[in-house]
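Listed features, source TrEMBL:
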DOMAIN    106-295  domain 'Peptidase S9 prolyl oligopeptidase catalytic'
TRANSMEM  360-379  transmembrane segment
TRANSMEM  400-423  transmembrane segment
TRANSMEM  435-455  transmembrane segment
TRANSMEM  475-494  transmembrane segment
Amino acid sequence: MAPGPPGLIIIGMKKSATSRLAIGAATITTLLLAVATPRPAAAENVPAPPRYVPSAGLTATEVTFANGPTTLHGSIVRRADLDTAVRHPGIVLVHGSGIGNRVELTHEAEALAKAGIVSLIYDKRGDYSKFHRDFSAMAGDALAGLRVLRSSDGVDADKVGLWGFSEGGWIAPLAASRSADVKFVITVGASGLNPSRTQAWHLAGRLNRAGIAAATSDALASRSVEVVTGLGAFAAAEYDPIPALNQVRQPVLAIWGERDVVVPPAESAAIFSKQLTASRSVTLRTLPGASHGARVTPDGYQLPGGPVIAGYPDGQLTPGYAGMMSAWVEAVTAGTAPASHSDTPPRQGHDSLPLTPVTWLGFGLFGLLLATLLSWPVAAVIRRLRGHRGAPPGARPARWLTTIGLVTALGSAGYVVFIVVAQGQPGTALLGQPLAWLLLRLLLVGAFVSATLLARSAWRGRAALAGPQRLRVGLLLAGSVMLLPFALSIGLLLP
């Protein structure tokens, strides 16, 4: 084997601690990037989207419609025996989050169609992803679908409304606020909060369910969403639904499951009650024993029974759910919209918390923290390349501080991103803490102990410290000081 450059030989032979530090930091960084970076699936592994086939007694008419340059495809579902010479109410169903194939909405569409309400389900626009979603454009898609349904045979153009599930509970009111052609609005599992605060509440609940203490769950979930939002990796994170709610004049039926664990139902119901000021008929209902999607559930997470749709269990519709919607639509379209009414809102296990996304300044300070911690090994490499030998006072605790500090900073930053990527699954829990988080807390203590030992050694050997060496020690100790506000901000020092 040919010898490498002399400088690399010197580094390889003389600096085992520095090598381990560099390799460790590089490995951690690589793992964090691997966790945080989405990977597109290989083309041959992507299943074809399921095709919608209506149940017995129903028919489906394929339609194509456009919203500007975007072409959308859908199905109009109706009873096979429905007399198209008679005009019937219609409803456009708007997806929740995710890719959004029309088959995901067949349960509701078919239940409404069987009640005589002509339903349109459609595939979500192709540019939707976790990193890009445009609520305004999706509201335009819903209105484009509404225009198609209003012009369909057997549909009364003056009796067509919108239904929105979950994320669709932001989109349907936004669309209704823009067009008087929308005659009514139904939302299921809608959030009255912005997406980032809603997601943090959901993640906190999942962490708590996994055995993490409530205070730690709240802190971890909040910091996770704040970091991801600050990175720009959470599309439309700060969308405010309230202005659209203020402008909805149509009758509204808003439904929440008693066991909703995805959006904060009690807070959302209170916001809808307060902000739907322009509508003369607002009905807020709570479905006993129901999940976020109005399915039968023992705990909000499990959906026993029912079909598997698009690879996921769809569960069973909660008894009374479909009848509640169809009876309300019948009353509204008959001109007898009910007086405003609110059920007792569902109970929430915990409240949502306000968030402050990390800014460029916060990320810049994190970079400065890493730079100060890396200053010690970088200076060591430079000294050895210049032929200097000998370790300054405090070299051993300095190496420990560098290594432990970098692992703590990179590991905690990576873990909060991991919490979002893993959808609130923290891994092994111990003493009410994620094991990884508990280890990071112990490492933080180790970093502060190392900093104390370094400061003591440097003080005792200060006479032997030349100017550059004093600067090295000072920079590294400054990094240890910066670890304290970093740990507080990311939640390592919180309960």
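Even glycines carry a Cβ here, placed using N, Cα and C.
Long-range neighbours of the transmembrane segment (360-379) within the same chain, counting only residues 6 or more positions beyond its ends whose Cβ lies under 8 Å from a Cβ of the stretch, are 18, 21-22, 25, 230-231, 398-399, 401-402, 405-406, 409-410, 413, 468, 472, 475-476, 478-479, 482-483, 486, 489. Long-range neighbours of the transmembrane segment (475-494) within the same chain, counting only residues 6 or more positions beyond its ends whose Cβ lies under 8 Å from a Cβ of the stretch, are 215-216, 219-220, 222-223, 227, 362, 365-366, 368-369, 372-373, 375-376, 398, 401-402, 405, 408-409, 412-413, 416, 437, 440-441, 444, 447-448, 450-451, 454-455, 458. Computed over the domain 'Peptidase S9 prolyl oligopeptidase catalytic' (106-295), the whole-number mean pLDDT of the model equals 97.
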